[in-house]
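*Asks:* My questions will all concern the structure given below.
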Amino acid sequence: MSKKRLHEIAKEIGKSSKEVVERAKSLGLDVKSHASSVEEADANKIASSFSAGVTKNVQAGSAKDKQVAEQKAKAAKATTPQPAASKAAEKPAAATQEASQPVAVKPKSRNFKAEREARAKEQVARRQAGQNRSNDRKSDYRQLGRSQGQQTERAGHKSQNQQRDRRFDNRPSSGNNRNDGHRQAGNRDKNRSFNANSRQQDTGRQGQTQAGAPKIDFKARAAALKAEQNAEYARQRESRFREQEEAKRLEQQARQEAKAAALKAQTEDKKHREASAKATESVASMAAASVAKPVDKRRKKQNRPDKGHDRDHGLEDGQKKNKKSWNSQNQVRNQKNSNWNNNKKNKKGKHHKNSNTAPKPVTERKFHELPKEFEYSEGMTVAEIAKRIKREPAEIVKKLFMMGVMATQNQSLDGDTIELLMVDYGIEAKAKVEVDEADIERFFTDDSYLNPENIVERAPVVTIMGHVDHGKTTLLDTLRNSRVATGEAGGITQHIGAYQIEEAGKKITFLDTPGHAAFTSMRARGASVTDITILIVAADDGVMPQTIEAINHSKAAGVPIIVAINKIDKPGANPERVISELAEHGIISTAWGGECEFVEISAKFNKNIDELLETVLLVAEVEELKADPTVRAIGTVIEARLDKGKGAVATLLVQQGTLHVQDPIVVGNTFGRVRAMTNDLGRRVKSAEPSTPVSITGLNETPMAGDHFAVYADEKAARAAGEERAKRALLKQRQNTQRVSLDNLFDTLKAGEIKTVNVIIKADVQGSVEALAASLLKIDVEGVRVNVVHSAVGAINESDVTLAEASNAVIIGFNVRPTPQARQQADTDDVEIRLHSIIYKVIEEVEEAMKGKLDPEYQEKMLGEAIIRETFKVSKVGTIGGFMVVNGKVTRDSSVRVIRDSVVIFDGKLASLKHYKDDVKEIGNAQEGGLMIEGFNDIKVDDTIEAYVMEEITRK
């Protein structure tokens with residue numbers, strides 16, 4: 001069956017929700033509010049009760065209730081004949097509805113007079129019900145007074161019997177609580193309409209009386225209704241009293257059972273603790289007592305009232321907890337007011353009302369089996385060991401105490417103590433091998449981390465080496481079909497390049513290294529990462545110094561050498577001479593019984609290039625080059641530079657594993673995450689397999705060319721390793737600082753007299769910076785040395801100019817340009833910036849500057865010789881010597897020496913030179929003149945005067 005909510009029923013029959021709720025409660029239905037739902041039959045029953053004029057909860061089957069209903073019907077017929085007819089018509093209809101339980105239907109025509117009379121009767125009934133509730137509350141107060149020893153029941157009954165009839169009185173009774181004020185305000189409006197209806201009814205009754213209608217005794221009727229209602233309320237009070245007594249008894253019984261359970265739990269817990277105390281020793285007992293939770297054995301004070309009981313006591317009158325009951329609320333409030341002094345001592349929240357319940361028993365720790373092996377490290381605490389072997393720290397403290405070691409759970413233990421402890425437990429102890437996470441070199445020396453099942457063949461890495469302008473870049477350019485050589489300044493390769501080509505379905509990685517003498521370190525670096533070396537030699541030049549150097553690098557790296565004799569198309573080419581010259585340095589052709597392959601090529605005209613590539617693949621197959629692409633990537637930095645928009649850019653050669661974008665990486669003393677990755681063609685890639693050259697961005701600083709790199713598990717580990725490596729490098733640099741001792745004291749003092757040329761080097765790539773700095777430091781000029789104040793990659797900026805001004809240095813830019821702000825600041829601060837693109841021109845210019853830094857060297861040049869013939873003494877002027885030039889000439893600005901008896905008695909400058917009375921600049925051979933010498937007046941006859949000048953000589 002369908003259900004209806006009470007507010008829907010109220011809307012259908014035109015009543016308020018409150019009236020419908022009260023009517024449903026009076027009919028014995030279990031409802032709480034206007035939102036409660038009832039069955040269809042109960043809904044019809046509620047609607048029928050309003051149609052029949054029922055005012056109270058009348059139980060079905062009660063004979064007395066039927067009698068009251070009959071009396072109401074008779075009184076209604078006697079009072080109003082015409083409305084009685086309508087009531088009589090409604091009563092059978094209501095009876096029919098109760099029998100068949102149909103849905104109430106509104107009549108087609110409304111009888112307003114009958115409706116007003118019905119509302120007036122309902123108001124009278126509600127007033128009477130309110131009066132009865134007031135009487136009930138007074139009766140409850142009397143019962144409460146008797147329980148507290150106040151013995152006021154008889155006086156209360158007397159006042160109740162003497163109280164006048166208040167059925168039509170609008171004043172509230174004194175027994176209502178403060179919520180009655182809201183009910184009184186609502187009753188005033190109802191009383192106004194009731195008075196108006198009463199006046200209309202009185203007018204109608206007068207008309208009926210005049211017409212001869214019988215008179216009705218209202219007092220007798222009201223007294224009968226009141227007596228019946230009082231009897232019903234008395235029965236309800238008796239029923240509530242019995243329910244309350246039963247609830248008290250059940251609550252007392254539950255409290256006694258809870259106390260018994262708590263006492264039993266305490267007894268069992270006490271027995272358990274006594275048994276454990278007897279089984280263990282005193283030290284273990286004390287440790288266990290600190291861990292175990294104590295049980296609260298305090299007894300609750302008897303004079304403290306149970307607030308939870310007081311709160312629930314008023315709700316045990318047969319109603320729900322969330323129902324409103326005027327009697328129960330007043331009773332609880334009075335009880336609280338009477339015990340206000342005791343409640344002050346025990347103001348606990350509602351969460352503490354069940355504080356006397358039995359404590360939960362302490363659950364025993366789950367038993368765990370001991371591990372078979374235990375890997376420990378120095379300095380582990382007792383708590384850490386306990387956590388690893390799944391035991392209590394107190395248990396380990398006890399074992400250590402029995403072993404003679406006093407320790408707490410936070411105390412560190414040495415390795416011997418940990419091993420003895422593990423022996424006591426029967427566990428095999430192993431010391432943990434500490435791995436230096438910052439050490440990248442271990443990946444290159446130990447290949448135990450590689451999985452043999454995942455090892456596959458990789459592409460060979462080939463390095464092209466040779467002398468300057470022997471055709472290395474031209475050969476690589478021919479292989480890649482590009483024109484790199486034309487873009488290189490001066491026709492020489494400035495920095496290393498890495499490229500990858502494909503031949504016969506297989507990839508080959510080529511490294512191009514510079515051949516200039518300044519790039520020795522770059523050639524050595526290229527040989528260290530290569531698998532095969534192609535030594536290119538020009539057929540017309542033969543073996544050159546850098547050719548021999550490349551041979552030595554390849555032999556030191558232990559890699560096979562393939563000799564490519566280039567420029568065989570040129571006139572004067574002599575390959576046989578090249579083969580014989582190489583044999584002198586240990587490079588013997590297979591045709592001569594050696595191990596080196598020789599191929600005659602012409603890189604310019606693409607001759608025998610395929611044969612060279614086939615030879616490379618053949619040698620690679622013999623070498624069995626393998627790699628594991630599944631591990632984390634490791635490799636070497638080929639080149640590094642600082643890009644204005646991208647930051648630090650490093651060219652890496654992957655040697656093991658696969659490098660991915662977003663991998664955390666440590667490169668030398670720097671770290672970061674691979675932000676972007678491009679191949680040799682400038683295209684973006686997401687991964688790089690072994691033997692693949694790529695350029696990456698995302699490093700915090702520019703690394704050094706030749707540094708190793710490794711990928712770490714996460715960025716946190718990579719950052720820690722990078723910072724540790726940078727710290728170690730700084731510490732090593734500080735340790736290398738030379739200290740002054742007695743042995744090098746003279747050298748230190750002598751070095752203070754040596755002049756220095758301060759330079760700041762900025763280049764496009766890191767390899768060029770290294771080569772340029774090394775070349776400048778090798779310049780040998782006596783008395784002058786080069787001091788590299790700062791070297792870095794990238795454009796010349798304002799900070800470089802500021803540093804140059806502070807250190808009086810010259811800025812040298814190699815393949816870079818200064819920013820506009822830096823150029824403007826350099827002009828303002830008078831800082832010299834030299835820009836170059838060819839390295840040997842830089843070396844020549846710096847060497848000239850170093851030579852110019854030395855003090856000039858002077859050489860004496862004799863001009864002439866004169867003899868004093870006569871002397872003249874002039875007062876206030878000095879002695880004037882008359883002379884004759886016997887050799888050469890005497891000039892005005894020349895220096896002179898006075899020689900007497902072959903001894904130089906004075907060396908100085910001329911104060912004046914005259915020919916007769918005229919001042920002249922010089923006096924020639926066999927001429928006479930007069931002179932005065934500054935600061936010397938002791939000129940005598942026959943003194944010899946030598947005239948000379950000091951001329952600066954050029955250093956070679």
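Note that Cβ sites are derived from N, Cα and C of the backbone, with glycine treated the same way.
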*Asks:* Do you know which of 491-495, 571-575, 731-735 Swiss-Prot annotates as region 'G2'?
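*Replies:* Going through 491-495, 571-575, 731-735 one by one, Swiss-Prot gives region 'G2' for 491-495.
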*Asks:* With Swiss-Prot as the source, which of 512-515, 700-703, 736-739 is set down as region 'G3'?
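*Replies:* Going through 512-515, 700-703, 736-739 one by one, Swiss-Prot flags 512-515 as region 'G3'.
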*Asks:* Secondary structure at LYS472 (GTP binding site) (DSSP, helix/strand/coil)?
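*Replies:* Helix, per DSSP.
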*Asks:* Restricting to the region 'G2' (491-495), what is the model's mean pLDDT?
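*Replies:* Mean pLDDT across the region 'G2' (491-495) comes out at 44.
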*Asks:* Can you tell me whether DSSP puts ILE568 (GTP binding site) in helix, strand or coil?
*Replies:* coil
*Asks:* Let me know the most crowded of the binding-site residues, choosing from GLY466, ASP469, LYS472 and counting other Cβ atoms within 10 Å.
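*Replies:* Ranked by Cβ atoms within 10 Å, first place goes to LYS472.
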*Asks:* Inside 10 Å of the Cβ of ILE568 (GTP binding site), count up the other Cβ atoms and send me the figure.
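*Replies:* ILE568 (GTP binding site) is surrounded by 19 other Cβ atoms within 10 Å.
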